[in-house]
Amino acid sequence: MISRFFGKTQPIQYVVLLVFLFAFHWLYAVRIVGEQLTPNAILGQLLLFALVAISILFADMMVKKHKITGQHSFFMLFWVLLIILFPNTVAEAKAMVSNFFVLLAVHRLLEVKSLKNLKHKIFDAMLWVCFASLFCPWTLLFFGLVFFSINTYAPKSTKTWLSALAGIATFLMLTLAVLFWYGKSQFFVEHYDFVAQFKQGMPSSVTDLNSKIIVFAALVVIMAIIDFVKFRKKGGGRIIVFRFMLLYFFLALLVNALAQTSPFYILFSFMPASVFIANYIETIKRAQLKEAVLALFILAPLALLLEQQMG
């Protein structure tokens, strides 16, 4: 029943998931804000929900357009379940905005495989990652995705490598002009002081890298391995994209570990994780087993959330 419902891509699946996400976001926001439900607070939470919903729909469009998953709603389902598993991610506006910019960069990088307007796509991707770093400086680690794409599709193209540098230069010129205009010339020195942030962030990161994140990461890696094995036999061109997504996932975990406000930035891992989990579900052929696995994936985050709230 679960697999039949979410195994389709009709409007009803999107409505059900977004309504459920809205209810969850609202209840969790009320718990965070408490009695301070001012009009500004309500508007702020509505804007955050809109950003979450747009991010999910945009990512879902990407995976379907590039055929990273099949034509079903499992990708969106698992993204929503990951939000329930890590509910703190809906409380950090900077993480959401930064993640959206990273998604824009990933969108451009997934288009690189067509080899059309390659330099423009690399330039755009580098620029979006730079903008994401304004909200979380450690997202500069996602430069690794840009370098992976160049090395995979155009390793000997000097102009393509230079377009990546041009993206950084453009970002620096734009932001420095704005900062000097507003008299905030010290922003770069303070915001991108990685040594100070590393020293300050490590104790919090080690503490926040709890068993939940470790188990989550281990399960995703296991499912990624299964996906690699299954889809390598089928062919279809997903393997290169899976390599990209696996690098994306590991970089997201690293950003989460290094960011001072961890574990909010585990949000960066939701797209690649949802890709691997959705593809894993595709590999299960026995209907009863698929239903059982889906039920487990749905009930586990809800049970952990209930235990956390009651505890």
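Every residue, even glycine, has its Cβ placed from backbone N, Cα and C.
What TrEMBL says about this protein:
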- 12-30: transmembrane segment (TRANSMEM)
- 42-63: transmembrane segment (TRANSMEM)
- 75-105: transmembrane segment (TRANSMEM)
- 125-148: transmembrane segment (TRANSMEM)
- 160-182: transmembrane segment (TRANSMEM)
- 209-228: transmembrane segment (TRANSMEM)
- 240-258: transmembrane segment (TRANSMEM)
- 264-281: transmembrane segment (TRANSMEM)
- 293-310: transmembrane segment (TRANSMEM)
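Away from its own ends, the transmembrane segment (125-148) comes close to residues 94-95, 97-99, 101-102, 104-106, 108-109, 163-164, 166-168, 170-171, 175, 191-192, 194, 197, 243-244, 247-248, 251, 254-255, 258-259, 265, 268 of its chain (Cβ-Cβ under 8 Å, at least six residues beyond either end). Long-range contacts of the transmembrane segment (240-258) within the same chain: residues 66, 68, 106, 109-110, 113, 136, 138-139, 141-142, 144-145, 148-149, 152, 197-198, 201, 205, 209, 213, 217, 220-221, 224, 227-228, 231, 265-266, 268-269, 271-273, 275-276, 279, each at least 6 residues beyond the stretch ends and with a Cβ under 8 Å from a Cβ of the stretch. For the transmembrane segment (209-228), the partner stretch with the highest count of Cβ pairs under 8 angstroms, out of 12-30, 160-182, 264-281, 293-310, is 264-281.
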